[in-house]
Amino acid sequence: MISVMSSAASFRTEKDLLGVLEVPAQAYYGIQTLRAVNNFRLSGVPISHYPKLVVGLAMVKQAAADANRELGQLSERKHAAISEACARLIRGDFHEEFVVDMIQGGAGTSTNMNANEVIANIALEAMGHQKGEYQYLHPNNDVNMAQSTNDAYPTAIRLGLLLGHDALLASLDSLIQAFAAKGAEFSHVLKMGRTQLQDAVPMTLGQEFRAFATTLGEDLARLKTLAPELLTEVNLGGTAIGTGINADPRYQALAVQRLATISGQPLVPAADLIEATSDMGAFVLFSGMLKRTAVKLSKICNDLRLLSSGPRTGINEINLPARQPGSSIMPGKVNPVIPEAVNQVAFQVIGNDLALTMAAEGGQLQLNVMEPLIAFKIFDSIRLLQRAMDMLREHCIVGITANEARCRELVEHSIGLVTALNPYIGYENATRIARIALESGRGVLELVREEGLLDDAMLDDILRPENMIAPRLVPLKA
């Protein structure tokens with residue numbers, strides 16, 4: 001590739017095997033990136049949308065340069081310039097130069113070349129040259145030395161996921177703590193549990209919210225161990241298909257060791273580079289775990305919407321914080337917009353997992369060319385989940401209040417209360433009371449009192465929350 005500045009100085013002319021193109025003079029990307037931008041106008045989501053992926057790419061290029069310098073393949077001056085460029089990308093500079101669409105043909109070559117060209121042009125300026133003067137430092141020959149897209153790109157994806165993993169875990173943990181706090185706050189609020197949307201047996205609102213915390217806690221524990229298990233084995237050094245062609249035999253170990261040091265992640269070389277280059281199983285499993293979390297979040301949000309329904313004609317056991325007016329035609333209406341939004345995020349994550357699964361299955365022979373879609377969907381799922389969990393916690397969970405009187409009223413009027421009374425009044429009496437209550441619309445307690453089956457003191461003892469919400473063996477009445 002050769003660059004020539006145009007007379008207007010607003011563009012520079014770069015050349016590749018397909019011909020010449022005018023690249024914006026101020027752009028740090030080059031001709032191959034520009035071709036990709038022109039070819040792939042698809043999702044509208046550029047690589048820069050995911051900063052951890054950009055940082056992962058820069059770290060891979062830094063590690064490769066370090067290894068090549070140690071092996072005597074890269075000059076000290078070029079190594080210093082590439083190192084400065086990578087350091088700036090890792091700090092967050094120049095991310096706007098990563099302009100290629102996340103969805104692209106070529107198995108990620110456009111992303112890799114976007115990184116190579118940006119690093120090369122930053123390095124050229126550090127050396128005192130102009131952008132595009134690749135005769136002094138070349139995107140392919142120098143920045144991409146001993147690499148293929150097929151090992152640099154998947155390694156950067158794995159590293160980007162690892163670098164962002166703690167933030168995802170922190171958001172999930174904070175949400176769990178918020179649910180647990182509400183569980184403690186509502187521990188005294190007796191309410192009816194429901195199965196199949198029908199009254200079942202009493203429980204506390206605190207138990208309901210603690211269960212939300214527990215189920216998400218299971219996912220937190222799995223995610224903490226899953227990412228290190230799945231993503232720390234990298235195929236850097238395998239080059240095109242895993243054979244390591246065009247790389248020094250010592251390069252793989254050096255490059256991976258340097259990458260582990262640079263990133264602070266416990267990266268190790270893949271045991272089978274052919275398998276590691278062609279198989280996408282780690283991404284499938286990790287995405288499946290994200291989907292599981294999304295499914296749980298959506299179910300929880302369904303419950304929150306049901307429990308707050310009404311407020312006058314629904315369940316109305318809890319109040320969700322009012323976030324915005326709910327209708328352009330119905331005055332005073334307020335909708336559960338935060339749980340609704342989380343539901344939609346969950347649907348997107350579930351869809352992302354399906355798309356990723358199909359892309360993983362779509363690989364052929366020694367390479368999966370669908371890896372750009374895999375990267376896009378998994379980074380998108382993480383971004384959406386993290387934002388949704390933060391939103392749910394900040395704008396909904398911490399502000400939930402209980403309608404204690406309503407909860408108690410529903411318990412006292414529920415036919416399901418006869419299950420708790422059954423050991424004291426006997427099955428025949430309990431069945432008869434339930435039938436009369438259903439037919440007449442009267443309350444169970446009212447009928448029990450009327451027939452003198454239990455006195456008020458006994459009823460008060462039976463209806464104490466601690467006696468209704470945990471195992472308690474009572475000899476059945478004969």
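Every residue gets a Cβ built from N, Cα and C, even glycine.
Here Swiss-Prot flags SER327 as active site, proton acceptor.
Swiss-Prot lists THR109, SER148, THR149, ASN150, THR195, SER328, LYS333 with the feature L-aspartate binding site.
Summarising the annotation, Swiss-Prot assigns region 'SS loop' to 326-335.
Figure note: comparing Cβ neighbours within 10 Å for the binding-site residues THR109, ASN150, THR195, the maximum is reached by ASN150. Across the region 'SS loop' (326-335), mean pLDDT in this model comes to 73. Classification of SER148 (L-aspartate binding site) by DSSP places it in coil, neither helical nor stranded. Neighbour counts of Cβ atoms within 10 Å were compared across the binding-site residues SER148, THR149, LYS333; the minimum falls on LYS333.
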